[in-house]
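Below is one structure; the comments refer to it alone.
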Amino acid sequence: MLAGNGSLVSEFVLAGLTDRPELQLPLFYVFLMVYIVTVVGNFGLVTLIGLNPHLHTPMYYFLFNLSFIDLCYSSVFSPKMLMNFVFEKNTISYVGCMTQLFLFLFFVISECYMLTSMAYDRYVAICNPLLYKVIMSPQICSVISFVAYVMGLAGASAHTGCMLRLTFCNANVINHYLCDILPLLQLSCTSTYVNEVVVLIVVGINITVPSFTIFISYVFILAKILNIKLTQGRLKAFSTCSSHIMAISLFFGSAAFMYLKYSSGSMEQGKISSVFCTNIGPMLNPLIYSLRNKDVKLAIRKSLIKFQRKDRF
């Protein structure tokens, strides 16, 4: 039966992270805890920023969007990933696989540009503090975040559209825990040349533009910080960027490591390294921004005090 766009496969089988039986249950509990921490952390940060007026600033507006993306991003594949550990055969329909691929790419690319937006926000805050409220007005922030989502939509549409034109004949076992581009291309029984060209172009754009923007932003930030004479002033300026530096290092570092493993031809190592990008990053981001941020910690304390007062009455 045709599954769609010439494909002869109606469903795929997700091979999962490992096929070793003795590791299935321990890994299930590990990744269940990772997912719970990710959901609680990101949902908590979204709620905290939404409910506290003093956090309604450009920096926290972008952090709100970043946490929202991480929350949705992890929920796209984590339930299926967890099912791999408890079910002998974890299947996903052709339509479900293409939907997962689209959403996965949409949120990944959107996060890439949201982190870039946050770098620009830090650049304006440190290099043009007097014009910060004018340059980073609510309207401008909305436009910047909208562009981030548009870039995610464009990239995901390009990849998924090209994937839909491929034919999948007999092989239907995806050597991964999610529907990703490279594992799916390996299953195609038709030419993947167009897909490979699109991957080079889209990935090239989505790596070059954010990386260049972030690099230039931090070159100007570093130059500005070095021009500050007082050590206390330097530390204060740097502290406003430290959480973001950690977040972009985690995101781009894990993504680069994952695709380097894939390009070396080792799918097994690629799967293991992708865990850092898909699972660990979204879990650590809210911890990085909450534990290292005075405003967030203050908002948490105020929220806890309010809840305690409500409980008393």
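Positions of Cβ are set from backbone N, Cα and C atoms, glycine also.
Owing to the predicted nature of the structure, the values given are computational and were not obtained by experimental measurement.
Given the ranges 172-191, 272-291, the record in TrEMBL names 272-291 as transmembrane segment.
Tertiary proximity for the transmembrane segment (235-260) is limited to same-chain residues at least six positions away from its ends with a CB under 8 Å from its CB atoms, namely 66, 111-112, 115, 118-119, 122, 125-126, 211, 214, 218, 221, 224-225, 228, 270, 273-274, 276-277, 280-281, 284-285, 288-289, 292-293. Contact check: the transmembrane segment (130-151) against the transmembrane segment (60-79) gives at least three Cβ pairs closer than 8 Å, residues 6 or more apart, which meets the contact criterion.
Long-range contacts of the transmembrane segment (272-291) within the same chain, counting only residues at least 6 positions beyond its ends with a Cβ under 8 Å from a Cβ of the stretch, are 17, 31, 34-35, 37-38, 41-42, 44-45, 63, 66-67, 70-71, 73-74, 77-78, 176, 178, 180, 243, 246-247, 250-251, 254-255, 257-258, 261, 297, 300.
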